[in-house]
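Swiss-Prot has this to say about the protein:
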type	residues	note
BINDING	Gly14, Ala15, Gly16, His17, Ala18, Gly19	FAD binding site
BINDING	273-287	NAD(+) binding site
Amino acid sequence: MRYNAGSYDIVVIGAGHAGCEAGLAAARMGCKTLVCTLTLDSVAMMPCNPNIGGTAKGHLVREIDALGGEMGVNIDHTFIQSKMLNTSKGPAVHSLRAQADKKKYQERMKKVLETQENLHLRQLEVVSVEVEDGKVKGVLTKNGAFFECKAVIMTSGTYLQSRIIIGDVSYSQGPNGLSNANELSKSLIDLGIDLRRFKTGTPARINKRSVDFSKMIEQPGDEEIIPFSFISGNIDRDQVSCWLTYTNEETHKVIQENIHRSPMYNGSIKGVGPRYCPSIEDKVMRFQDKDRHQIFIEPEGDDTEEMYVGGMSSSLPEDVQVQMIKTVPGLENAEIMRTAYAIEYDCIDPTQLKASLEFKNIDGFFSAGQINGSSGYEEAGAQGIVAGINAALKVQGKDPMILTRSDGYVGVLIDDLITKGTNEPYRMMTSRAEYRLLLRQDNADFRLTEIGHNVGLVTEERWNKFKERKQNLERELERLKELQITNKTENNEKIVELGSTELKKPIRMYELIKRPELDYFSLACLDPERPDLPKDIGDQINIIARYEGYIQTQLEQVAQFKKFEKKVLPEDLDYNDVNSLRIEAIQKLNKIRPLNIGQASRISGVSPADISVLLIFLEHYRKTGKNTDN
């Protein structure tokens with residue numbers, strides 16, 4: 001029986017990585033927030049890989065943290081290994097990755113939600129979102145409780161009508177043996193929301209006691225632990241190792257002989273899978289020239305024997321999985337504790353969303369995370385914090401926070417989803433960011449903390465720490481640009497000792513740092529009055545000095561980009577009325593409804609010629625007295 005259960009400013013549907021960030025952001029901004037989850041035991045659950053960060057994903061975590069989110073702080077408290085990836089490459093692609101203790105990660109995040117002022121965490125299944133006159137009115141739960149609210153954030157992950165597939169066995173269930181949600185999809189369809197079917201998967205978990213690590217290559221963490229959060233400070237902690245092994249011809253033979261039993265290849269799976277995280281059977285069949293594939297054996301926590309078999313995601317039958325795993329060096333006697341599986345689920349077409357992550361046609365209804373067609377904990381968390389901030393701003397009667405492609409990877413992620421859409425689970429990569437030298441993980445706070453403070457999410461403690469860090473960097477850069485190093489014999493002897501060439505004339509310290517064989521730290525011997533600063537300040541100085549020319553070039557590109565972003569398109573424009581646009585462009589523009597010329601130019605099917613037509617139209621529109629330039 002239906003009953004009125006109370007009213008909230010904001011209701012969040014789901015408490016995965018998107019839901020946690022959304023709920024915390026909304027509550028911390030002063031909104032009375034209800035976070036609903038199918039089970040309280042799955043808050044911030046990591047049903048697949050036991051790590052946070054990685055290439056491009058580490059950037060997202062740093063940006064979530066810079067805005068005032070929780071993911072970075074949470075992993076800093078609960079990681080069991082820390083590693084900086086891509087250190088042999090340029091700073092734009094350096095990415096932090098941390099192995100998590102999955103249970104401790106969940107437990108701490110749940111505690112944060114439970115103790116957050118303005119936030120109510122409840123075990124409830126939402127079966128419908130109720131809308132009246134195009135505006136959200138509330139949500140109805142399976143138990144008949146109706147919660148009135150001003151905004152709803154849907155962060156339902158991979159649970160909507162989800163189906164587990166293992167070989168020829170399939171059944172209705174959520175990830176990791178949990179129940180799914182089979183009723184909410186109908187409510188979304190009734191609201192006119194387009195759904196599609198995606199697929200993802202996870203590898204088996206094996207018992208640590210059954211693994212022969214002597215046949216594998218040890219992968220220890222870094223000696224120097226770099227935290228994800230800008231407010232975590234120095235971390236000193238014992239770390240565990242991961243282990244590397246490889247598939248071989250025997251592994252591939254087992255897969256090839258049983259490929260007809262794979263639901264990926266016999267048509268049982270209809271959903272589209274992730275291109276950049278293929279199953280082991282997909283890798284073996286698609287890349288038959290490769291005689292081996294990497295397999296990482298990763299611990300899932302300090303208090304469990306479960307090991308994650310990274311690189312071996314599969315939907316093959318259980319008996320084939322056993323054969324396959326036992327062919328891998330070190331896994332000959334492996335005992336499977338959890339079987340690998342594929343999971344199909346409903347998700348939305350994200351082009352139905354605005355840049356604020358609010359549905360275009362439903363006032364007050366936001367969506368974030370894997371329900372939007374993305375993959376990964378970090379992509380989910382990034383969307384979650386944006387949706388949470390914007391739902392709170394909506395309730396407060398304020399303008400939304402819109403992050404652009406030049407603001408951060410979060411902006412790139414959202415712009416790609418809402419502008420281009422996705423036909424497969426979307427994964428963030430550094431190659432997707434055209435301004436990646438500006439969007440480094442080390443400067444996320446310089447790019448986004450002020451934005452987080454302006455919307456009311458960043459705490460005063462974090463804000464004061466940021467201001468001190470910014471002041472330290474700016475003062476030190478200014479000092480280095482003024483400090484002159486003379487070419488006297490004593491200085492030249494030290495420079496030669498460092499492997500560089502003598503000075504012919506005096507030079508500023510800032511210019512000397514640009515020499516590839518020197519850096520800020522090694523030149524301390526020529527700088528006796530140098531202030532005692534944190535190491536990360538020195539790291540930033542090295543990057544700023546060495547890449548100054550490239551950074552300036554990208555800043556100029558951003559200035560050009562922003563010119564197009566400022567050319568705002570009328571919200572109510574019918575593109576059928578714009579003369580000379582091609583039919584495909586008219587269809588795409590009417591569907592996506594871009595905010596500005598910049599976004600329009602990134603829509604697939606809109607050509608440079610179409611953009612020229614729109615620019616002429618806007619100029620005429622402006623001259624007739626309607627201003628479209630902010």
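Each Cβ is built from the backbone N, Cα and C atoms, and glycine gets one as well.
Structural mapping of features recorded in Swiss-Prot.
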residue	record	DSSP (3 states)
Gly14	FAD binding site	coil
Gly19	FAD binding site	helix
Gly273	NAD(+) binding site	coil
Ser279	NAD(+) binding site	coil
Phe287	NAD(+) binding site	coil
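In this structure, of the binding-site residues His17, Arg275, Lys283, the smallest number of CB atoms within 10 A of the CB marks Arg275.
Note on the binding-site residues Gly14, Gly273: the fewest other CB atoms within 10 A surround the CB of Gly273.
Ranked by CA distance from Met285 (NAD(+) binding site), the binding-site residues Ala15, Ala18, Gly19 have Ala18 at the top as the closest. When the C-alpha distances from Ala15 (FAD binding site) to the binding-site residues Arg275, Cys277, Phe287 are tabulated, the minimum falls on Cys277. For Gly16 (FAD binding site), the nearest of the binding-site residues Gly273, Arg275, Ser279, Phe287 in terms of C-alpha separation is Gly273.
Listed in sequence order, Gly201, Met264, Gly273, Ser313, Ser314, Ser315, Ala342 are the same-chain residues at least 6 apart in sequence whose CB falls under 8 Å from the CB of Ser279 (NAD(+) binding site).
Separation of the C-alpha atoms of Arg275 (NAD(+) binding site) and His17 (FAD binding site): 22 Å, rounded to the nearest whole number. Counting other C-beta atoms within 10 Å of each candidate's C-beta, the binding-site residues Ala15, Ala18, Cys277, Met285 are led by Ala18.
For the pair Ala18 (FAD binding site) and Cys277 (NAD(+) binding site), the Cα-Cα distance reads 20 Å. It is 32 Å from the Cα atom of Gly19 (FAD binding site) to that of Lys283 (NAD(+) binding site).
Cβ-based neighbour count (10 Å, all protein chains) for Phe287 (NAD(+) binding site) stands at 11. The most densely surrounded of the binding-site residues Gly19, Glu281, judged by C-beta neighbours within 10 angstroms, is Gly19.
Cα of Phe287 (NAD(+) binding site) to Cα of His17 (FAD binding site): a span of 33 Å. Neighbour count (other Cβ atoms within 10 Å of the Cβ, all protein chains): 29 for Gly16 (FAD binding site). Of the recorded residues, Lys283 (NAD(+) binding site) and His17 (FAD binding site) place their C-alpha atoms 28 Å from one another.
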